[in-house]
Structure formats: structure tokens, C-alpha cells
Amino acid sequence: MTFADRLPRRLMLLGSGELGKEFAIAAQRLGNTVIAVDRYAHAPAMQVADASAVISMLDGEALEAVVQEFQPDLIIPEIEAIRTEKLQEFEDRGLTVIPTARATHFTMNRDRIRDLAAQQLGLRTARYAYASCFEELQTVAAAIGYPNVIKPVMSSSGKGQSIIQQPDQLQAAWDYAIAGSRGDSQKVILEEFIPFELEITLLTIRQWQGPTLFCPPIGHRQERGDYQESWQPAPLRPDLLAQAQAIAAQVTEALGGAGLFGVEFFVTPDEVIFSELSPRPHDTGMVTLISQNLNEFELHLRAVLGLPIPAIELLGPSASRVILAEDSGDRPSYAGVAAALQEPWVDLRLFGKPDMRPQRRMGVALARDESVEAARAKADRAASQVTIQPS
């Protein structure tokens, strides 16, 4: 399948955050029409899109109406909060969902993707179990042991995740997970805590025609289950990199379709352990905006349209550092931008979100240098210069 025989194409983004904004810009550079859909007005991708719509994407009827109105060539999910059953219905009617409706459904439900990896494909993952009530959580926690990690089966951006050291923390973790769940889900996954040396994202590109491709591995650090900084290339032994690539190829092949996938791993001294997967550009991959000849958004676009990807080249050691809001309010303004940009090989992305709240990601600093350590320090300096205030 290819959509590159005739451009432009009409691309509908379901989710219009900062990742969708960068994808929309990449799509428009090749003349495509972008329709940005999200649950709130003035979302980042809406600011650059050709058209937009504000709906609840958990509402199947609202999804039907917006697809009927705009008649997209491709439907491209960008977030988790979508009625994925409706995507399958669209696909059954001949519409193209990226990468596939099945892949979107599996990866937006942690139980589906974990069972696919561990049970169907036989891949090494953390030991895990599910719980649908607090009493069941107590039982599986005792079986798997402590420390452990509790996550909602359906959530995004680290919402509802906790690391549990002892049984008296379970009730608070259960309450936090249910509060962070998407939709009406009352199910959590509890998994053993892996004492990893490094967490990495392997950006994996499936093409309609052609081999599966990989970007150099990206290391990242998280707090509260959400990414704070990433760097590329991550230090990884050749044998462990080969393991990660083989696992990523196997999982993405099982999901099918075309596009860029963010495949996450825990790295220990002896192995890489599959963690999670996103069937779209990944937040830790924003570092590729400065690190690669083709960033993750351009790679995703080329893959879904069936355009060639002759080479993926690392331009130099690079890093990203998030810029977080500290306060709440509307119409945020940014100070310190000039100071942040005073060093060479530094760039910023300020997302243009219409409101702010504590710990909300409002921008990212990007840096390149002679080493990963220097790039990380430079990105951190740049991010620290930027302050955000409500108008």
C-alpha cells in the first residue's frame, strides 16, 4: 500500500498536542491537508492545521460525525483517549487507520500489548498480574512481591503510576491508579520492579514496502511516570542493541501497518526487557528534532505515506529537557527565551498550550554537543532559563 502516488492527502489527527503539532508541520511541508481533532480548543496542532474540530474522542458518534465531515484519506491517532472500537469500524469500512486499528487498540490498553508480548510472542517482560478491585490487588501484590509498580491498564503520560515498597502503600496506589485511568476502566496492572541501569526508547519504523528501520537508541529519565529528559545515542552494547532491535521488529510486525513506533525497554547488565510501546511518535523522541537528519515526525509521515527513507543519520550527541509549568492559569507567557538560546546548537519548542497547571509540559529545550553528557547539561541549562507565567 502507498499513498505517495498522489499528493496532497487529507490527514486527520486524533489528538492535537505537541507531538501532533510537529507531525502536522512535517505533513504540510509536503503539501498535505491536516485536520486536527482534540477535546479542547486551541490545542497545539490546531494552531497550524488547515481545519480543526473539538469533540470527545471517547464518543463514537462524535468520531463518526467528524470523519463524515472531513473525509480523511488517513486517520492518525496521536493520544490514548480514543474510542478504539470505532477505529476498527472505520477500518472495516475501508478507511486507513495508522498504523492499524488493532495496533491502536492493543497499545492503548496495557493488558492487550503486555499479553501479546509475553504470552503470544514469548518475550521477556517484568512479571505481572492484573487486578480489578483492591482485594485482588492485595492478592497479586503478595504473589509478585515488593517493590512493585502499579499502573492503570488504560492511561497516558504516566498518569496513575506508583512504585510500591510495602503493603501499607497499596490503598493509596490503588486510589491513585483508578483516578488516573482513562474512561471508566477499573483495572490495573501490577508488575515487578526491574532494577534497571537504563530506560531506552527504540524508534522503530515499519514501511508499507521495505525493511523495518531503527533510529539510534534514546535514553530517558522519568519522574512521576512522565519523561523529563532524553538523550541520543544511549550507551548500549552491540549485543543488547541487537536484542532490542529484534524484539522491536517482532512486536511491531505482530501489530502490522506502517508508521513509527516508540518501543520502550528496561536495560540491565545482561538483557533488554520489553516495557511498553506507542504506535506513533514518542515524547522522548523529541530529541530527534535536533539529533537526526530526519526527525521522528518526518519519519512517521514518510512511512505512512509510503515515501522513501534512504538513510537515518545521527548528526551528533543530543539531548532534550522538558520545560514544565509551576503555576495554573490561562494564556501563558514565556520569559528567558533569549537567555536559553544564547549557546550554539540549542533550540526550543514552546508548545502554545492555551492554559497551564503545575507539572504540565509546556515546552522542550533541545541541544547538541560533542558528547551526550555535554548535550544533557546544555539542554538542562537552556530549559532552566525559561519561566512561564499566566497572563
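Every residue, even glycine, has its Cβ placed from backbone N, Cα and C.
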N(1)-(5-phospho-beta-D-ribosyl)glycinamide binding, same site as Glu18, Leu19, Asp283, Lys353, Arg360, Arg361 - Swiss-Prot member from Glu78, Glu80, Glu223:
Glu78
Give me the Cα-Cα distance between Lys353 (N(1)-(5-phospho-beta-D-ribosyl)glycinamide binding site) and Gly160 (ATP binding site), rounded to a whole Å.
22
Nearest recorded site to Glu276 (Mg(2+) binding site) by CA-CA distance, among binding-site residues Leu19, Asp283, Arg361:
Asp283
Any idea what the Cα distance is from Glu199 (ATP binding site) over to Glu18 (N(1)-(5-phospho-beta-D-ribosyl)glycinamide binding site), rounded to a whole Å?
22
Spatial separation of Arg110 (ATP binding site) from Glu18 (N(1)-(5-phospho-beta-D-ribosyl)glycinamide binding site) - C-alpha basis, Å:
23
Distance from Gly160 (ATP binding site) back to Arg361 (N(1)-(5-phospho-beta-D-ribosyl)glycinamide binding site), taken between C-alpha atoms, in Å:
17
Under 8 Å Cβ to Cβ from Gly160 (ATP binding site), same chain, six or more residues apart: give me those in sequence order, or none if nothing qualifies.
Lys151, Pro152, Tyr176, Ala177, Ile178, Ala179, Gly180, Ser181, Val188, Gly225
Highest Cβ count within 10 Å among the binding-site residues Glu78, Asp283: which residue is it?
Glu78
